[in-house]
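Take a look at the structure below.
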Amino acid sequence: MTTLPVQQLYIHGQRVDATSGKTFKTVNPATGEVIAEVQVASQADVERAVQSASEGQKVWAAMTAMERSRILRRAVEILRERNDELAHLETLDTGKALAETTTVDIVTGADVVEYYAGLATAIEGIQLPLRESSFFYTRREPLGVVAGIGAWNYPIQIAMWKSAPALAAGNAMVFKPSEVTPLTAIRLAEIYTEAGVPAGVFNVVQGPGREIGQWLTEHPVIEKISFTGGVATGKKVMASAASSSLKEVTMELGGKSPLVICDDADLDRAADIAVMANFFSSGQVCTNGTRVFVPRSMLAAFEAAVVERVKRIRIGDPMAAETNFGPLTSFPHMENVLRYIESGKAEGARLLTGGGRATEGALANGAYVLPTVFSDCRDDMTIVKEEIFGPVMSILAYDDEDEVVRRANDTTFGLAAGVVSKDISRAHRIIHRLEAGICWINTWGESPAEMPVGGYKESGVGRENGISTLGHYTRIKSVQVELGDYASVF
């Protein structure tokens, strides 16, 4: 039995039926029960969404920046008024603890919308004199219609991260949420409409990425793709975007991020950071610090401190106020994480805690995996090399700074990195040598609206959040003006 009615598409300011005649089911990962059936967009539906966006964008771009700013600020007010309602739906769909979704997902996403609402009026060009009778100026103009393709771990937050700068700059967006967690994107679209965003400026099309995502990346009207997901899919999106019409792309992809504990670090602080960097959101965070490098001299003490903290994690019904660790977001993903755990055991890593499903009582019905910590890990182990995207920490011993920097950088990923040390000069020195786009010293994981997010190497292209992102949703037009006579050479 489903909990919610059939979920439609959202095109031109209203919910509309898809024309494909197909649906898919979205499942509550805490119980295995179907939440809703979701309609799948056809190619004709995607075309309708793009054309609607093209029409709406012209209306939106013709407004003054101050008008757009006021409308986005009103959307922020509505988001905050409905925080608990949206958080409840997000928990139902993702399995994340309600204690997390009520304080992080909508709250921080709304912060990003508010941030870009404030910047909408600050988009400006330059003017420079060339000589007494001539000068040039530049204009930053919106790209037009852009597409956002979201991930399943932070559905509504990612939708806001992608749409806020796009809309602030005067663009329209066609957004495709993950088919694993599709429910809150339409609620966001309705809030934008209620706030006064013109019809068509934020449309939502549902369905599998291999179809909907491909149609969006190849569409000649779409000028930019913002994608969050895996590396392999990201490469396909980038190739498709380039082959169709040389679209600009922004990609936040995978990670296998190092957390370096220095020998002068406070043990309790280091253990607290390591546990947060691995088990927040049940380990389903792109920036997780899953490779924890610890000085050999403090390895035993660090292991004990981490295990002590893991035992305090409260696994349970994500709707319960006391729960701070819910199920993984889907059953197929749970099976994948369990395979990685078994590979860690088979390749000789020493299991300190966890190592399988949580099956006590009602937990057996959900996609629960115990917080898992391995030690005696080697750089060539599968659990150390590949992104697991689950609650699995790998502890690696090291002997000196040069060694740990070399090993930390020995990866195709470069999303995040962190250092824990009482010596701030030392921490800066190590951070500056690490090949990662998002770094933390003596903390982990916070991504404020003002801070650019993105990776090095195969972890991504471009950035989300921060001032510079706004520029990537505009294009520069240069205009020269001649005030004097024009002298032809002919």
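Cβ atoms here come from the backbone N, Cα and C positions, even for glycine.
Site annotation (Swiss-Prot, ligand K(+) 1) includes Asp93, Val180; from Thr26, Thr31, Thr228, Thr233, the additional listed residue is Thr26. Swiss-Prot names Gly150, Ala151, Trp152, Lys176, Pro177, Ser178, Glu179, Gly230, Val231, Ala232, Thr233, Gly254, Glu387 as NAD(+) ligands; from the candidate set Cys286, Cys439, the record adds Cys286 to that same site. Neighbour density for Leu246 (K(+) 2 binding site): within 10 A of its CB lie 8 other CB atoms from the protein chains shown. Less than 8 angstroms from the CB of Gly460 (K(+) 2 binding site) sit Gly234, Thr250, Met251, Glu252, Leu253, Leu415, Gly437, Gly454, each of them six or more residues away in the same chain.
Counting only the Cα atoms, the space from Glu464 (active site, charge relay system) to Cys286 (active site, nucleophile) is about 14 angstrom. Ranked by CA distance from Thr26 (K(+) 1 binding site), the recorded positions Lys162, Glu179, Thr233 have Glu179 at the top as the closest. In this view, Thr233 (NAD(+) binding site) is surrounded by 18 other Cβ atoms within 10 Å of its Cβ, with every protein chain counted. Spacing of Lys457 (K(+) 2 binding site) relative to Glu248 (site 'Seems to be a necessary countercharge to the potassium cations') is 18 Å (Cα to Cα, whole number). When secondary structure is read from DSSP and collapsed to three states, Glu252 (active site, proton acceptor) falls in the strand class. Of all the recorded positions in the record (Trp152, Pro177, Val180, Leu246, Glu248), the one with the smallest CA separation from Lys162 (active site, charge relay system) is Pro177.
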